[in-house]
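For reference, the structure is listed below as structure tokens.
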Amino acid sequence: MAEEEGNNKDLKVIVFQLKDEEYAIEVDHVQSIERMQTVTRIPRVSAHIIGVMNLRGVITPVVDLRRRFGLEEKAYDEATRILVLSKDNIELGLIVDGANDVIDITTGDIEPTPEVVGGVEEEYLRGVVKLEDRLFTLLNLDKVLHDRSTIGV
Amino acid sequence: MSNSEYLDVFIEESQEHLQTVNDSLLQLEKEPDDLSLVNEVFRSAHTLKGMAATMGFEDLAHLTHTMENVLDLIRNEELEASSEILDVVFDSVDDLEEMINDIAEGGSGKRDIQQIADQLEAIQRGEAPSAAGSAEVAAANAQTEVGGGAQNLGESYDEFELTVITQSKEQGFSPYQIRITLDENTMLKAARVYMVFEILEEAGEVIKSTPPVDELEEENFDHEFIVTLVTKESKEDLNERINRISEIQNIEIILIDPEELGENSEAESEPKTEAQGQSSKDSAKAESPESSQPVQQLEPQQQKKDDKDETTKKPSEANKTIRVSIERLDVLMNLFEELVIDRGRLEQISSELDNNELSETVERMSRISGDLQEIILNMRMMPVDQVFNRFPRMVRSLSKDLGKKVNLDIYGAETELDRTIIDEIGDPLVHLIRNSIDHGIETPAERLDKGKSEEGTLVLRAYHSGNNVFIEIEDDGAGINQQKVINKALSNGVVTQEEIEKMSDEQIFGLLFESGLSTADQVTDVSGRGVGLDVVKNTFESLGGVVTVNSEQNVGSIFSIQLPLTLSIIDVMLVELQKEKYAIPLSSIVETAIVNKEDVYSAHNQKVIDFRGNVVPLVFLKNVFEVPEAGIEDEYYSVVLVSKGEKMAGLVVDSLVGQHDVVLKSLGSYLTNVFAISGATILGDGQVALIVDTNALIK
């Protein structure tokens with residue numbers, strides 16, 4: 001499945017599935033990929049923050065990306081994964097439908113996000129990457145981690 | 001020796017000595033006639049000088065020396081400890097502090113001390129008739145200071161020892177008493193002792209040592225010891241040989257005369273002494289000029305003995321403690337936290353398996369780890385004095401700057417708090433104290449007008465209460481003008497008029513902690529720039545503390561800070577809301593109760609209960625936390641009564657699970673401002689339970 005591509009290996013990204021689209025996020029700040037596990041709900045925060053989990057002794061908040069992007073909900077299954085991001089002392093788990101791949105791209109491959117991309121909020125996105133017959137949307141890591149809408153309601 | 005090894009010890013000890021100097025000087029200012037205080041300052045300064053010189057910090061040593069000279073004049077009552085003179089001394093202490101801080105930060109400790117040294121010397125010259133003479137006196141005193149010890153050279157000998165001394169003298173040996181003073185910074189005292197004894201035993205025979213050899217080997221002594229030796233070697237040779245050992249500060253060798261020793265000893269041995277007196281007469285001729293010397297020398301030292309005892313006491317107590325770096329304690333704490341989580345897990349597993357032996361073992365382990373926890377937490381406790389001790393100086397200089405008279409009273413400085421908290425509370429407390437002096441306490445003239453005493457009083461109080469430590473800062477100054485606070489808050493849009501009307505006095509004063517609110521009419525150097533009190537509040541709250549303020553116009557204000565004893569491991573009550581578990585810190589729980597639904601009243605759309613004559617509002621946690629409903633309601637409510645200051649509330653939960661020690665963990669930086677949740681903890685089954693911030697639930 002791996003498609004090694006490009007000469008200037010500027011960026012290594014993890015490709016994951018969300019509904020019927022593929023998304024990608026830089027691998028540098030992905031600390032681990034976990035199977036779904038018990039999450040403790042936190043009251044009175046935005047709906048997409050489904051709670052916190054115990055990740056080897058560290059309390060880690062978990063966000064459901066489907067909910068964050070306003071996509072229809074789907075029951076968690078065997079393929080469901082939690083991508084644990086870690087940067088600047090912020091840790092965050094992202095629930096995705098499945099983690100597919102790790103591939104190399106170059107920054108040159110990134111194209112600006114088209115005006116309308118499946119209803120996903122644009123500021124969350126860094127661009128789209130088209131590799132042969134695959135197209136994936138690159139998430140903006142900083143925006144994901146510093147999401148203003150996560151503050152308690 | 002390599003100095004760098006001892007640098008840490010040097011810095012730490014210097015800081016302690018400076019603190020002593022500071023404290024005693026402040027005391028001295030109040031009681032200028034108490035010369036024992038001067039002595040204390042002098043001793044600390046002297047030790048400091050010695051250490052600085054050994055470590056090669058010349059400026060430090062020089063300034064301390066100059067300061068010492070002035071202190072010496074005061075000590076000899078040639079100079080009065082007036083406020084002006086003390087100002088200069090305080091200034092030089094500041095310089096010393098700066099130099100030590102510089103050294104601590106890796107600097108060279110060099111500093112331009114000419115000006116302050118000149119000032120000190122001017123005092124010395126201007127007010128003391130014989131400046132040069134007294135400097136010498138100081139130096140001489142310094143000598144005896146080092147030489148003087150807890151024991152004096154007039155050792156007492158028993159009969160057997162005396163006989164040995166007398167006989168060896170007859171055989172042409174000379175008996176010496178040798179007082180050896182080790183360097184203050186000596187690390188391996190026992191090793192030095194060993195080296196000294198090796199040399200002495202090579203030279204002759206050791207008759208006696210004080211303290212005894214076994215104690216010396218265990219380092220059960222301060223810095224000096226006395227050895228009685230019979231040898232054929234000369235005093236000078238001995239001196240030279242011992243001097244080759246490093247880290248020896250001073251050697252004092254005197255020839256002893258068994259005759260006189262005999263006279264000094266108890267009545268019992270008197271008949272014997274006479275005989276000795278005769279037998280030693282022959283040799284006494286040659287020795288007599290020398291042997292009379294020590295007796296003279298001994299006298300002044302013996303007089304000093306009382307003073308010395310005080311100084312020697314401290315280090316010997318300190319010998320029983322060791323210094324452990326804070327990082328190591330932190331590592332220990334972290335490891336222990338892991339253990340607490342696993343302990344919880346084990347307890348759960350054993351209760352599920354229901355095996356007698358297993359549960360007994362687990363129970364035992366829990367008890368032991370409970371004790372361990374207490375010890376570890378205690379190790380991290382430090383007296384608040386660590387923070388308080390810099391305030392007297394600060395208050396002094398601040399009140400001088402502002403032309404006010406302030407008397408600072410400190411109570412409960414021995415109250416202990418976790419190190420992490422101690423580290424954080426210094427700055428906010430400084431802020432509050434500055435605030436009280438600047439805005440609270442009036443100028444002497446104003447105070448007299450109001451019929452108060454000229455001198456204002458600032459009380460700093462710390463005390464334990466339950467799982468909390470309270471720190472209070474109280475002044476008898478002007479108090480807070482409530483109307484001014486209201487006006488300012490309204491004009492800054494912090495609150496609305498309607499809100500103000502509903503507020504209690506305490507809540508209105510609480511507005512002071514909102515950002516951008518300063519009621520000072522004038523901005524001074526000290527405070528009033530409108531930044532600060534909100535920072536103070538945030539700092540304390542981040543430590544799990546609560547700040548409140550109360551005030552009465554023209555009577556004074558009191559700032560009260562409630563702090564948790566420790567941050568990392570807390571005692572909680574686990575409760576269930578449907579299937580979710582929450583932890584309520586035991587420190588805020590007053591009581592738990594089961595309340596019949598019929599006993600719940602409704603007042604102004606608020607459910608309340610009557611709890612021992614008090615009307616307590618109920619907070620339905622299920623609603624507050626929007627817990628998904630499932631299952632049927634009981635006819636009883638489980639209520640956890642919590643308090644915040646005077647106020648109480650009853651938290652209604654589905655069931656009480658029990659009391660647990662848990663490790664407090666933060667929710668991480670992604671989640672900020674989660675309502676009424678102060679953190680999380682990992683339970684025995686690995687699940688996360690949220691910790692309820694009850695303060696947010698009490699209105």
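Keep in mind that glycine also has a Cβ here, set from the backbone N, Cα and C atoms.
Where the annotation comes from TrEMBL, it is an automatic prediction and has not been curated.
What TrEMBL records for this protein:
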| type | residues | note |
| --- | --- | --- |
| DOMAIN | B:1-103 | domain 'HPt' |
| MOD_RES | B:His46 | phosphohistidine |
| REGION | B:262-319 | region 'Disordered' |
| COMPBIAS | B:289-301 | compositional bias 'Low complexity' |
| COMPBIAS | B:302-317 | compositional bias 'Basic and acidic residues' |
| DOMAIN | B:317-567 | domain 'Histidine kinase' |
| DOMAIN | B:569-699 | domain 'CheW-like' |
Conformational class of B:His46 (phosphohistidine) under the three-state DSSP mapping: helix
Surrounding CB atoms that lie within 10 Å of the CB of B:His46 (phosphohistidine), all protein chains: 22
Composition by DSSP (helix, strand, coil) of residues within the domain 'HPt' (B:1-103): 88 helix, 0 strand, 15 coil
For the domain 'CheW-like' (B:569-699), the number of residues DSSP places in helix, strand and coil: 14 helix, 77 strand, 40 coil
